[in-house]
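Right, one structure below, let's go through it.
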Amino acid sequence: MWTGQPASGPPFDHENHSASCTQHFALFSSPSPANSEPKSMLSAWAHRLCVRAVDVLFGTFLYVPLGILFLKKSLSGFGDGDWDSSQIPDLHGKVAVVTGGNAGIGYHTVRQLAAKGAKVYLAARSESRAKEAIKRLREENPDIPQEKLVWLPLDLSSQAQVVDAARDLMSKTERLDILVNNAGVDPYNYVKTADGFEMTMAVNHIGHWTLTYCLLPLLKATAAQQGSDVRVITLSSSGERNHSANNHFTTLKDLDDPCAGPGWEDSRLAQGKRYGTSKLANILFATELQRRMDEEGAGILSLSLNPGTIRTEGAADVMPLVTQPLVWLLFTDAAKGADTTMFAATAREVRENSEQWKGRYLDGPGRIKPPSPKARDAVAARNLWNITAAAVKGTGALEKL
């Protein structure tokens, strides 16, 4: 999974560098009456060149140290090494939902849950990809009964469709034991959804907030049953440390932070900042959800986690060409990357010692690690919940519940 943070050494001041580039090329942007069009063309060309230069520098300063760091971590082990998928308990009778379950970590999460007996709703936008994933799962795991794998249509970028997915699920099952908020988009250009939300924040955070909110009655009803073990697991990333330093989640505009000045919204720097901010939101969401569940005495566990630096096509796409081989040489495969999710969702010790684990951030199976200081800010967590609720209610989608 993309990290968005230099692994070592002094930080590269991208924002000041970007500003200096803008000032430098501003010399070309004040046209005279005689030759305004050529200078305007030159200014646009110079701006694109400057953005590209910053992107190359950003990739060099970020991904090479990242590869070295991950190699060291791979040699020393990820997590504390005493838990693996062989310790997943029997899950017969349980029902799970995994968003983005058709590929990557989500695919292997679905596989392991179903292999242990759970009925799994594979939540994904594309019907063809979801059904192809289910077909492949059954071919690779013939012992999984067909009825254990069900496609749940879900487009996290659309509030109306998220609510539809929740209603669809609640019409099909009377319990929900495990909700894995796994789906997400990698660093992305600055575009808006039909609801008016910035795409990265919409998919990675807002859509999952709405899905969880809509499913809370079902989760609580399951948690009220004797012997239940209900968990909500939200995938974040070490990239959360690359969040926007100026975003404190105090206004609705903070959900639409471009993380760059005009003309720079699609630079790798801005894309990375938006991604990091959305991953910060994942941790704050999980923390605040736990606080609210404790306040209500609901008995639901909420955890967030960093699955590690995972080898995916998306991870390669966000890197400069020169550093893309690092993905295939040093990153963890998605099957192994699902171990942290499975620990959080199923490990017996998490329920048996719930006070130790609930609301925490995991950095490997069985490994609690403090996230960034802002991700531990309880006030920011409450603020984020409140502005997200206001933004979602403003779309009118919740009226369909």
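Cβ atoms are placed via backbone N, Cα and C, with glycine included.
Note that the structure is a prediction, hence the values are computed from the model and not measured.
Per Swiss-Prot, the feature active site, proton acceptor maps to Tyr275; the stated evidence is sequence analysis. Taken from Swiss-Prot, the feature NAD(+) binding site covers 72-80, 99-100, 118-120, 275-279, 308-310. Among the features that Swiss-Prot reports, N-linked glycosylation site is placed at Asn16, Asn242, Asn386, with the record citing sequence analysis. Summarising the annotation, Swiss-Prot assigns transmembrane segment to 51-71.
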Among Thr99, Asn242, Asn386, the recorded positions in question, whose Cβ has the most other Cβ atoms within 10 Å in this structure? Thr99
State the count of C-beta atoms found within 10 angstroms of the C-beta of Lys279 (NAD(+) binding site), not counting that atom itself. 32
Lys119 (NAD(+) binding site) has how many other Cβ neighbours within 10 Å of its own Cβ? 22
DSSP three-state assignment (helix, strand or coil) for Lys119 (NAD(+) binding site): strand
For Asn386 (N-linked glycosylation site), which of the recorded positions Thr99, Lys119, Tyr275 has the nearest Cα in space? Tyr275
